[in-house]
Amino acid sequence: MSITKLAPAAFDLHQPFPPSGDQPAAIAKLIEGIQSGKTAQTLLGATGTGKTYTMANVIASVQRPALILSHNKTLAAQLYGEFKEFFPNNAVHYFVSYYDYYQPEAYIPQRDVYIEKDSSINEEIDRLRLATTSSLVSRRDVVIVASVSSIYGLGSPDDYRQLVVDLHQGEQTRRDHLLLKFVDLQYQRNDIQFERGKFRVRGDSIELWPSYEEFAYRIEMWGDEIEKISLIKPTSGETIKTVEHLYIYPCKHFVMPEDRIQRAIRLLREELTQQLEIFQSQGKLLEAQRLSARTKFDLEMLAEVGHCPGIENYSRPLSGKEPGATPDTLYDFFPKDFITFVDESHVTVPQVRAMYAGDRSRKITLVEHGFRLPCALDNRPLKFDEWEERTGQICFVSATPSDYELERTGGEVVEQIIRPTGLLDPEVEIVSARGQVTHLLEQVRIRAERDERVLVTALTKRLAEDLATYFQEQGVKCRWLHSELNAFERVDLLQELRAGQFDCLVGVNLLREGLDLPEVSLVAILDADKEGFLRSETSLIQTIGRAARNANSRVILYADKVTDSMQMAIDETERRRVIQMEYNAKHGIVPKTVRKSIRKGIDTEAANHKESTRKAQDSGEAIYITIEYVDKLEQEMLAAAEDLEFERAARLRDRVLQLKEHIGKPLSEVEIVDEKSAGKSGGRGRGRRGAKKKGASKGTKIPRPKRG
């Protein structure tokens with residue numbers, strides 16, 4: 001493979017310790033492969049051998065931008081924290097889906113049920129995504145930790161770059177012209193409530209809070225000249241520093257020149273006419289009427305205000321691409337010489353492969369029944385072959401690489417089996433599944449007395465919740481973790497486990513790849529003999545690996561028989577354990593538990609930014625308790641009850657009753673009833689999926705049938 005020679009990226013690696021164990025050899029082999037032009041390599045690294053540190057050393061040595069692809073938000077957040085520590089002076093960013101909840105638009109022909117798109121957007125993750133692209137177009141020392149959402153459409157990088165506003169101290173420009181430029185970047189003017197993505201004007205001073213930054217800009221004018229440019233704290237207005245030169249990037253990823261919208265409307269009208277003719281020739285009059293009404297409404301919205309609900313379905317005409325063309329994604333923002341690391345590739349690669357087929361199947365149904373124009377099919381994730389073309393030089397990283405990775409690398413792997421700490425793979429014990437809960441409870445109590453932690457994997461979410469509740473009733477501090485918790489809640493829960501706020505965590509499929517929990521000395525796998533996806537050889541090896549960071553580690557498989565998957569997982573664990581013991585004996589190494597500080601995670605960073613946003617908003621006019629304000633809370637209460645969030649509805653009710661006694665007073669003078677969402681620890685968490693949050697779309701839900 002020919003390598004595009006570009007200027008080296010100035011990475012500054014913070015090395016808390018030198019590479020050891022198998023790391024030096026693995027680092028050298030990977031660097032040699034990249035520099036010799038190898039298209040693909042595989043790093044077979046056992047759990048706890050420092051694969052992340054190996055990746056960081058490779059990035060620092062080859063001095064090229066890097067993408068770290070992860071299969072879930074929890075692991076991506078952990079990797080982000082680690083790379084931030086390794087590269088404190090470089091641009092390390094976090095790019096995952098910004099949806100806390102997402103119900104895609106769909107139609108079920110068998111029942112004639114149309115489901116409108118419904119979503120809840122996490123504003124903090126949106127900020128982090130925008131920070132990612134702003135760094136990619138402005139510098140080369142960039143490491144992006146991303147999830148599979150990186151293969152979805154993101155807007156044109158060329159349009160993004162063309163709309164960047166370049167400001168210089170002493171530059172001649174009219175104030176109104178500058179304000180129009182900010183509007184073109186999709187920033188909104190709000191002189192009262194200052195928040196992310198907004199700007200305000202105070203005399204000859206313009207203050208703008210970029211959608212991708214934690215600080216704001218103040219641009220001071222003297223007539224038609226930019227006299228001073230400052231970075232300021234949004235909360236207090238205090239100047240951080242002054243600069244002579246400033247780039248302001250678009251507020252959103254989907255931006256385009258105004259003439260592009262008019263051209264797209266013309267193309268959409270032509271496509272609508274063609275599709276209506278097809279429906280009418282087939283006798284599909286209902287579908288034709290449905291498509292005509294919906295599309296004409298959307299086109300009117302586009303013409304008048306520049307956007308419409310579901311505008312992403314018109315992304316191909318708006319981008320000016322040909323039908324069937326590959327959409328622009330995060331990969332198109334990278335320079336040509338970037339390198340890709342696919343972490344836990346045995347899980348991540350199948351995710352990438354599956355995305356396109358599932359998306360297309362759903363959208364074909366919408367097009368065939370008149371809910372969308374055919375151009376909606378081009379609003380899609382990358383096909384697998386398109387993804388392969390865009391990843392450049394790639395390194396698959398896994399303790400259990402699959403056949404695909406081995407085929408790409410011709411069966412060659414770079415092994416990393418020896419841990420720098422001398423830790424061994426854990427001993428595996430098989431215990432009868434009969435009476436497994438009673439036996440496990442006793443084991444958890446033993447670990448709790450030693451200030452150690454326990455991970456338990458169950459087969460279903462319901463079982464995980466019930467087991468956590470039962471353990472709590474028995475006096476054991478226990479929580480559950482599964483997909484109904486959002487990305488920040490999951491990370492927060494794992495940090496609380498490490499900090500000792502509870503002793504046992506029960507999960508389903510999230511307690512596997514990559515989780516770095518040195519305090520865990522016992523991993524218990526319930527119903528290990530139930531052959532299937534959650535109890536396959538790969539799944540068992542990955543789950544066993546969660547106990548590989550503690551010198552007292554042990555794994556218990558609860559089973560009444562030994563399946564083929566169990567036997568292969570036990571054999572592989574024992575093979576690695578023998579290699580590790582021989583290495584330790586040869587070099588006189590005594591295994592010792594890893595001691596890691598509990599780092600400030602991305603959830604803490606997001607929470608701090610959210611608090612600064614709130615303070616900046618509160619610094620404007622004081623909020624007074626009015627009848628309208630109380631009425632709004634009552635509407636929230638009713639909506640929460642409809643979504644089955646009864647605990648939140650009860651808290652809102654108490655708050656409404658409290659505030660009715662203080663009409664006319666400033667809100668800041670009244671002690672507010674706590675309104676945090678329930679469900680993080682032991683509760684059922686039902687009803688969370690439909691919860692509307694700030695940034696949620698206004699999609700209509702299917703009404704629930706009334707009980708007779």
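Think of each number as a place in line: the chain as shown, counted from 1.
Cβ atoms are placed via backbone N, Cα and C, with glycine included.
Per Swiss-Prot, the features are:
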BINDING   G45, A46, T47, G48, T49, G50, K51, T52  ATP binding site
COMPBIAS  683-708  compositional bias 'Basic residues'
DOMAIN    32-419  domain 'Helicase ATP-binding'
DOMAIN    436-598  domain 'Helicase C-terminal'
DOMAIN    627-662  domain 'UVR'
REGION    668-708  region 'Disordered'
MOTIF     98-121  motif 'Beta-hairpin'
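Annotated features taken from Swiss-Prot, shown on the structure.
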{"residue": "G45", "record": "ATP binding site", "Cβ neighbours (10 Å)": "25"}
{"residue": "A46", "record": "ATP binding site", "Cβ neighbours (10 Å)": "25"}
{"residue": "T47", "record": "ATP binding site", "Cβ neighbours (10 Å)": "25"}
{"residue": "G48", "record": "ATP binding site", "Cβ neighbours (10 Å)": "24"}
{"residue": "T49", "record": "ATP binding site", "Cβ neighbours (10 Å)": "27"}
{"residue": "G50", "record": "ATP binding site", "Cβ neighbours (10 Å)": "23"}
{"residue": "K51", "record": "ATP binding site", "Cβ neighbours (10 Å)": "23"}
{"residue": "T52", "record": "ATP binding site", "Cβ neighbours (10 Å)": "21"}
(message) Using DSSP and collapsing to three states, where does K51 (ATP binding site) fall: helix, strand or coil?
(response) helix
(request) Using DSSP reduced to three states, classify G45 (ATP binding site) as helix, strand or coil. (result) strand
(message) Going by DSSP assignments with H, G and I as helix and E and B as strand, what are the residue counts for the motif 'Beta-hairpin' (98-121)?
(response) 0 helix, 15 strand, 9 coil
